[in-house]
Amino acid sequence: MPRLAFANSFWDGYDSLEKPIRAGVRKAMAKFQALTVAELNADKGLHLESVEQARDPRMRTIRITDFWRGVVLAPDDGSDVFLLVNVLPHDDAYTWATKRLYSANTATRALEVRNAVALDELTPLYEEAARTAPELLFAKVSDGTLRELGIDHQVLRAVRSIADKVQLEAFATLLPEDQLEVLQYLAEGFSPEEVYRDVVAVRRPADAPAEPVEDLATVIANSTARIRLVTGPQDLEEMLEQPFAAWRVFLHPSQRRVAYRTSYGGPVQVTGGPGTGKTVAALHRVKHLLGRDDGSRVLLTTFTNALAAGLRENLALLLDSDQDLLKRVDITTVDAYASSVVRGHDAGAPQPVGDREQRQLWGNVVKRLALPFGEQFLAQEYRHVVLGQNLRDLDSYLAASRRGRGTALGPWRRKLVWEAIELFERLLRERGETTHLGVCARAADLLREHGPAYRHVVVDEAQDLHPAQWRVLRAAVAAGPDDLLLTGDPHQRIYDSRVTLGSLGVQTTGRSFRLRVNYRSTEEILAWSARLLAPVTVEAMDGEGNDSLAGYRSLLHGRRPETVGCASQQEEVSALAEQVREWIADGVAPAEIGVCARFNLTLDKAADHLKAAGIPVVRVKGQIPPGADGVQLATMHAMKGLEFRAVAVIGVSASVVPFAREITPAEVDPLQHEADMLRERCLLFVACTRAREALRVSWSGEASAFIPVTAGA
Ligand SMILES: Nc1ncnc2c1ncn2[C@@H]1O[C@H](COP(=O)(O)OP(=O)(O)OP(=O)(O)O)[C@@H](O)[C@H]1O
């Protein structure tokens, strides 16, 4: 009996096929599981026929309905896997099939597809232009090196005609996938050795023979990043029934390498720019850890309740709602976990108060003690130095390093600060209250005393955690193999936390990975957003050195983001309504549109205006309400964890972003001032990078200083 596999190109359009066509696909595919090869060839309904003048002689089409055909790659080497590569209207299917050529990459050994006809047509034109180009993109890389990296004869000819990155992108949809990625890495300035390590070695099977094996079944088995083999009738049924989520099946090799490594000696760090699939990698790691079948429990944490709800939903999807496995995972925020630990020991433990109450208390402290410090300064000193280093008495505070704080404090002034801190803590105690970080400190003590509760902890959005929260996680799991895996992006730090992970017992040296391919946004959105951060340096996630956005790229292309300055807020919301209407007219569903602002107040105005224009809206506070159908309005903070086909970021005016109240004056503390400014910049970056296809940034009056001046509108 033949076997059946699906290429990712098939899934790209499957979800948008109409019901009868999908039913046709199911019926046709079922035949591949029920009939022998000879019977398949003879089946009248399926009508498996070769494609005349196809560049790939293995190309076949099959009948799906009267007007729709499936395109199938049929083995001609005695192997038995048939690969469904596309489903298209009749004529398009033939045009598509004629031009495509499938081949095994000589380096990665995986199956790739190219548009061989277009490549042959375009290359001579580029060669002509290349003759007068001052420089060629790959001039410094020898033919031998390119061949070792898997570049074959036809692609090599095209490569030698490429003058710059723009031309490479123009070839992108024509080139075989692995070869394209090799070229993109080289174009970003990575050395051939790095490219071999990050692109070739991660795909190439460990036991690959010296000479490539060409039989289709073997090559397909080497292509897990793009091809899924069907394991049986039930598997087929499930695959075609559920809405298809590519991330569940087709991991990028760099994601797979991180998620499915059998075991790590200790903590692992996974960083990457926005939309590079860090959360996806974290979820697959949890699946891998649960697959060990040793009953061990996993704690999966993230930063907010809304993000935790998203993780819960997606993990259930990844694990096919297997309750036995899901029961072994606790998904929560660090604060909620810490609180459960503390309450488990003492049901009447003090309740944490919010930021506003804390500010009021600091105000009280300053008044009562008549100190030469402001409440903002004291609150920050408490957060970054005292809680950051877990200082419990005056002597430790007197001896502590105040790295990262921008003002010097001699012993006399430190004593005064300590007095204020003692009073603050006493006032809280008297009210039977504490802070969230206070709960964390208590939870870490209890966990250290009573022993860890988990074998594995997986941390998403790790960039935003405070040292007190890290102490909870460190104490929740015994140090050892596969204890901690953390994913995050320091460019998306939107809460005021600074850590040096090594000093907290989370040493990831030698176990750090980086994801570089953005699956969410177009290259145009990514490049524009990256310019928001261009003027600043961003500290690495582990607190050692700096991080950079260099080398990130997207697989998608689209229109450049639009920037719009308006004379008044009224004009801005009117223009917004106009834009939203246009997106909807272009086929974007209201729920696929996100509108985002720094303040709720701005969103209120936008909501009123959109509603008056007859556009349905949903306010997102925390989680998106189930079944919500309308344009989604969220603050920049609430945008984390969301993504939309189209995003409008509004109210990005000079007086709003950065938000002056959140910025410590440079005279109070110059370093804190810089940190606050960076946080506001990152917040805008996060908001903009939630957009998949379209991004529009607007303001009224003067534009925010963060908007790149020369950014093409
Ligand atoms: N291998 C994959 N194949 C297809 N889609 C993917 C893949 N990996 C991730 N995605 C999709 O890309 C988008 C971003 O993924 P994810 O949220 O995991 O990225 P992230 O790095 O955690 O993003 P951010 O840091 O911006 O929150 C999601 O829509 C996800 O489904």
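Each Cβ is built from the backbone N, Cα and C atoms, and glycine gets one as well.
Curation plays no part in TrEMBL annotations; they are all automatic predictions.
The annotation ATP binding site is assigned in TrEMBL to G272, G273, P274, G275, T276, G277, K278, T279. Among the features that TrEMBL reports, domain 'UvrD-like helicase ATP-binding' is placed at 251-522.
When Cβ atoms from all protein chains are considered, those within 10 Å of K278 (ATP binding site) total 25, not counting its own. Each residue in D489, L515, N518, Y519, R520 lies on the same chain as G272, G273, P274, G275, T276, G277, K278, T279 and has a C-beta within 8 Å of the C-beta centroid of that ATP site, without being one of the site residues. The Cβ of T279 (ATP binding site) has 20 other Cβ atoms within 10 Å, all protein chains considered.
Its Cβ taken as reference, T276 (ATP binding site) is surrounded by 26 other Cβ atoms within 10 Å in the chains shown. Taking the Cβ of P274 (ATP binding site) as centre and 10 Å as the limit, one finds 24 other Cβ atoms among all the protein chains shown.
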